[in-house]
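Read the structure below first, then the notes.
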Amino acid sequence: MPHVRPSEPVHFQQRDDADGRHGERDADDRGARAADLGPVEEGNLMLKRTLSFVLAGCLALPGLSVAASSAPVAAATSAAAATSASSAPSADAALVERGRYLAVAGDCMACHTAKGGKPFAGGLPMRAPLLGTIYTTNITPDKETGIGDWTFADFERAVRHGVAKNGDNLYPAMPYVSYAKVTDDDVKALYAYFTHGVEPVRQPPRKNGIPWYLSMRWPLKIWNLLFLKEGVYQPRPERSVEWNRGAYLVQGLAHCGTCHTPRAVTLQEKSLDETGGSFLAGSVLSGWDGYNITSDTNAGIGGWSQQQLVQYLRTGSVPGLAQAAGPMAEAVEHSFSQMTDADIGAIATYIRTVPAVADGTAKARSAWGKPAEDGIRLRGVALAATGIDPARLYLGNCASCHQMQGKGTPDGYYPPLLHNSTVGAPNPTNLVQVILNGVARKAGGEDVGMPAFRRELSDAQIAALANYLTAQFGNPAAKVSEQDVAKLRAAQ
């Protein structure tokens, strides 16, 4: 339901007028305001990484989350050839710049930069269910509080093997299982950037609010023995260079499976590449659905063209198909939108060949919906004294941007709710998250925003509105209760 932030004030629902007329705020209140998006800015960054890892009663998040990269597939070598040198690679300008690109591709800043903080200095709070609050660590080259005293061997061991400098095992919220496929050259470039291209920041780590008995890491040694597959990506000779490049990025560097591949009860991804039966078949990550992005026409994105998928990764928006929100909006803004055309094209080429995984869905997520007529019926009619009228909620909170019939604007400035994958999904969780937390996304030179309604609307009102939206514009089988909304609200 996001829209591009306009240059004039837009209509918002007044807090005391949730079922009826429009209110109007100041011009500076348009789009997504800090008061509305505060929980998102602090909470959504953790959604992409925080997987609620629980293993033998021990669950915590790592201090280190190192980037994915984008070196040519031709650079891939076997794991046995992994560099064991303890000194840093040459930090020439070209290598540092390449490392910077790889850090962008891996979206390192998302987890390691606190709101209003210095880049990569850590301190971002990550709230893990049943644990408390965990703060990300400083990965700047400060020698006392960052990684300035790490050798290349220390860095490589953390990135590809999940073991920190002090010997502690990292928890798999740091996707080292995917990064095990990263080539030697890419790890060297990342190390050069983080040791020579990032400003050192002295910022001691904040103490995590986790009981000691949940912070023990020794069970992860067993977990790694079972589920960490060592070895860099090996190109498939029967496939094209572009396909192999895309596979390398998706499986390792961009770690797409972290959000989009289902997990077993022991919390490992069920498949790490396209040869497995459930790779990219969809998962749930901290209250957001990571949709099925296999080649299945209904359950996945098999109906998308190459150009449409490239456009989505580049901008987060394909009118008539999808609008990125939540963790995916962050990935678009901080990572995909800044990658090269060749890399984005390679990712799209590979993803479109991932074997289809069906789930019985009757139609594609973007194929649902019909225009609404309730707005015409309700215009000029007095407000009801009691009760919740979902059509009025739509008219009062959504119609000024998405239009009364849900068609959006002809130029796509405000996206339609018809043929929208968020509204047409079989599970309305992401729709509720968007209503609660809004959308904030910058890509392609556009500032895209939608206000959060967590302060304006109650749980009952949001449930009623979401059910109206799915019944009218999306998948009518998708239902949400007031209790479901309350749980999602409390998780932020």
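Just so it is clear, glycine is given a Cβ too, placed from its N, Cα and C backbone atoms.
Copied from TrEMBL, the annotated features are:
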{"type": "REGION", "residues": "1-36", "note": "region 'Disordered'"}
{"type": "COMPBIAS", "residues": "1-33", "note": "compositional bias 'Basic and acidic residues'"}
{"type": "DOMAIN", "residues": "94-198", "note": "domain 'Cytochrome c'"}
{"type": "BINDING", "residues": "Cys108, Cys111, His112", "note": "heme c 1 binding site"}
{"type": "DOMAIN", "residues": "241-355", "note": "domain 'Cytochrome c'"}
{"type": "BINDING", "residues": "Cys256, Cys259, His260", "note": "heme c 2 binding site"}
{"type": "DOMAIN", "residues": "382-473", "note": "domain 'Cytochrome c'"}
{"type": "BINDING", "residues": "Cys398, Cys401, His402", "note": "heme c 3 binding site"}
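Summarised by DSSP class, the composition of the domain 'Cytochrome c' (241-355) is 50 helix, 12 strand, 53 coil. Ranking the binding-site residues Cys108, His112, Cys398, His402 by Cα distance from Cys256 (heme c 2 binding site) puts Cys108 first. Each residue in the domain 'Cytochrome c' (94-198) gets a DSSP state, and the totals come to 45 helix, 12 strand, 48 coil.
Counted within 10 Å of its Cβ, the other Cβ atoms near His260 (heme c 2 binding site) come to 25, all protein chains included. Counting residues per DSSP class in helix, strand and coil order gives 36 helix, 10 strand, 46 coil for the domain 'Cytochrome c' (382-473). Nearest Cα neighbour of His112 (heme c 1 binding site) among the listed binding-site residues (Cys259, His260, Cys398, Cys401, His402): Cys259. When the binding-site residues Cys111, Cys259, Cys398, Cys401 are compared by the number of other C-beta atoms lying within 10 angstroms of their own C-beta, Cys401 comes out lowest. The Cβ centroid of Cys256, Cys259, His260 marks the heme c 2 site; residues of that chain outside this set whose Cβ lies within 8 Å of it are His255, Gly257, Thr258, Thr261, Leu280, Ser283, Gly290, Ile293, given in sequence order. The two recorded residues Cys108 (heme c 1 binding site) and Cys259 (heme c 2 binding site) have their Cα atoms spaced 16 Å from each other.
Considering only the binding-site residues Cys111, Cys398, Cys401, His402, the residue whose Cα is spatially closest to the Cα of Cys259 (heme c 2 binding site) is Cys111.
With respect to their backbone Cα atoms, His260 (heme c 2 binding site) and His402 (heme c 3 binding site) stand 29 Å from each other.
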